[in-house]
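Undergrad: What TrEMBL shows for this protein is this:
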COMPBIAS  625-649  compositional bias 'Polar residues'
COMPBIAS  658-682  compositional bias 'Polar residues'
DOMAIN    33-132  domain 'Ig-like'
DOMAIN    134-244  domain 'Ig-like'
SIGNAL    1-18  signal peptide
TRANSMEM  252-276  transmembrane segment
TRANSMEM  288-309  transmembrane segment
TRANSMEM  321-339  transmembrane segment
TRANSMEM  351-374  transmembrane segment
TRANSMEM  386-408  transmembrane segment
TRANSMEM  420-443  transmembrane segment
TRANSMEM  487-504  transmembrane segment
TRANSMEM  516-538  transmembrane segment
TRANSMEM  544-568  transmembrane segment
TRANSMEM  580-601  transmembrane segment
Amino acid sequence: MRGSSCVLMSVLLLIADGLIVKGPSGPLVAPLGSSVVLPCSVDELLSVKDLEVEWRRTDSETLVHLYQDGESRIESQQQDYQDRAYFFTDQIQHGNFSLRLDDLRAEDEGQYKCKVYIQQESSETVVEIKVNAERLRVSGSDQHISASVGEDVTLNCSVDSHIPPGDFEEVSWKKTDEGIQVLLYQDNEAHSSNERYIDRVELFPAEIPKGNFSLRLKSIRTEDKGVYMCEVFAGGLSANATVVLERLGFSVVHIMMLILCISASGSALLLFYLIYCRSPTKDTVFRLQMFLVFCPNVLMFLAFVLWGVSEGSLFESVSCCALYFLRPLLLLWTAPYINNFTGNIKTWVQYYSYVTEYIVFSAVFYSVLFKSAVDKSLNYAGFEGVMIIILFVIVILFTLFYIIFLLTDFTGKLSERISTIFNVLAGISFDVLPSLQFILLFYSFGSAKGGFIIVAVLPVFTTVTRYNWDALCGQQMGCSPAVRRSVWLTLMMLINAVLVYFYITALENEKDRVGWTCVIVFLQSLWALVNFTGSFTFDLPSVVAVYVFGSVGVVLLNSVALMTELILKTVNGEGATGDMRIIVFSSELLFILILMILLVFEPWITPCLQSCSKAMKSRRAAAAGSQNQESQNAAADSATGSNQNQNPAESHEMKPLLNTQNQENSRSAGTEETQPDSVVSQ
């Protein structure tokens, strides 16, 4: 009885007060593309029976949504609001008739009427929407992207804004984990911003008007793995989205590189074993030595070609390829079997091979410097750009003079006058090239003013070190070999130390400065070696261990380093060194420094080697005699009375590894031949 009285009182109050529908106290402001909730509710809903709720536009009476007979009437909606306007159906029984409007559009701005019918009662409220037209939304890819090395991949970036894409201030793609700007879209033009991505990234021009700034990344490398950000700036607003490029797998090119590296190291070890751990005939040894000089180095050359195609930068790959293409020339010059060559081949190997390596590698190095300067040409003023071109042309001309001299001096087909002219030009070239190289490098890396600090002094030092010290200081001044070689070595160390210091100063702002420095120090050391051979009478001691280090050890070290770098980049996206020039040219530099030590201290090293060789031969002869005596005693006791046993060690030539004395004698004999005029002799 009491419950019925309460219900009756509520109905009476409702009739007395009427149906009250509540809405927001002011306009609703929302950005374009967002979702907005239009509030509409009653304090208490006694029953949903005969409940009807309709939402309409006040200006056009367009039906936005309708709730009737206990369900949403989607079919009654005006088409523009289908799949965009929704009731909170689970809240209607609690008196909540709010409407959610998704993907807000500019035309959605205006007033909306929420009218509620309950039995014989009705009430309404009005909600106003104000659309904030300024919007900038950037969306990328929800899932990580996977691809194989060498493939092309698309990194998605879609932009939704009230500003037309053609009016965007800037769209940039960045590799966030390394802080590298991959591509910049500005003033309706796309620009590659980092040398790693030059000619490898592009947008889709036909899709840009639609707000599609997806990036196409071509020929993926292992170092491309990471997080990429698409960042948009427009109308004072900014937004971004990220895309993750996942771990990359080995490509066919990578597998070929691994095969080449394994083949290079394997062939070097196999040939070393066949030459120095067995007793082949003399002709067989010579052929195997030729394979040892060329085969591993050619394989490493091909490996670095593939490295440049798939992974390395242009400067890194070209430098390493040039070195491995040319290093057999230096190995032939240091080989213990040099006197097995005959005629012009022997002359060329003895006097021109290492010089040819220096000249050709210098030309490659200057070309790489010029390419680096061209890539940075936008940062140069007009005068600096012209100076770089002039310097490069002069350097190439001097290099050509030197090459022509080598050819004419070797063939001897030109007249004496012309040969003399090229001899003079080549001499000038050799003195001037380090200075020009110095200036060109400073200009290439934006330090042009510092390049002239040493230019006035450097040619003087290089000319002094290039005199025939044996004739000038030895015969005319009476200086001992120790004095003249010590003075030359001191001057050379001083010159190279100053040069390297200024090189490092010029490269201090370069990310790959360590790699550049290693190449430059190697080139300066090779220049010093050529300088010495023109300044002194020399006879390079034939030390097999040094030759083996250059022909086998360096190849093993570099092949293992290249395989390690490749595997680490593929697995982790980042290598151990980041620049193969550091390993390649450091190991080659060590080889050249050892050769320099042998050359400079040859008057003292050669007697020591000869003494050690004689002592070793004596011990081996004594051991062989003892074994022969034992064999003869054993044979005397046999029934046959045979005394013909022979020690196997006497039936073969001494192994090359122990044949230092014979090699020295033959090499010394070879130097007694008429030596051609050298460009570095005066």
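Each position is counted from 1, following the chain as shown.
Placement of Cβ uses the backbone N, Cα and C atoms for every residue, glycine included.
Automated prediction, rather than curation, is the source of TrEMBL annotations.
Tell me what's around each of these sites.
TA: Each residue in the domain 'Ig-like' (33-132) has a pLDDT score, and their mean in this model is 88.
Among residues of the same chain six or more beyond the transmembrane segment (321-339), those with a C-beta under 8 A of the stretch's C-beta atoms are 285-286, 289, 293-294, 297-298, 300-301, 304-305, 308, 346, 349-350, 353-354, 356-357, 360-361, 364-365, 522, 540, 542, 544, 546-547, 550-551, 584-585, 588, 591-592, 595, 656, 659, 663, 666-667, 669-670.
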Undergrad: Look at every Cβ pair spanning the transmembrane segment (351-374) and the transmembrane segment (516-538), keep those 6 or more apart in sequence, and say whether at least 3 of them are under 8 Å.
TA: yes
Undergrad: Mind checking which residues of the chain, 6+ beyond the ends of the transmembrane segment (544-568), have their Cβ under 8 Å from one of its Cβ atoms?
TA: 222, 254, 257-258, 261-262, 264-265, 268-269, 271-272, 276, 292-293, 296-297, 300, 303-304, 307, 311, 327, 330-331, 334-336, 574-577, 580, 583-584, 587-588, 591, 594-595, 598, 656-657, 659-660, 663
Undergrad: Where DSSP helix means H, G or I and strand means E or B, what are the helix, strand and coil counts for the domain 'Ig-like' (33-132)?
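TA: So the counts come to 15 helix, 47 strand, 38 coil.
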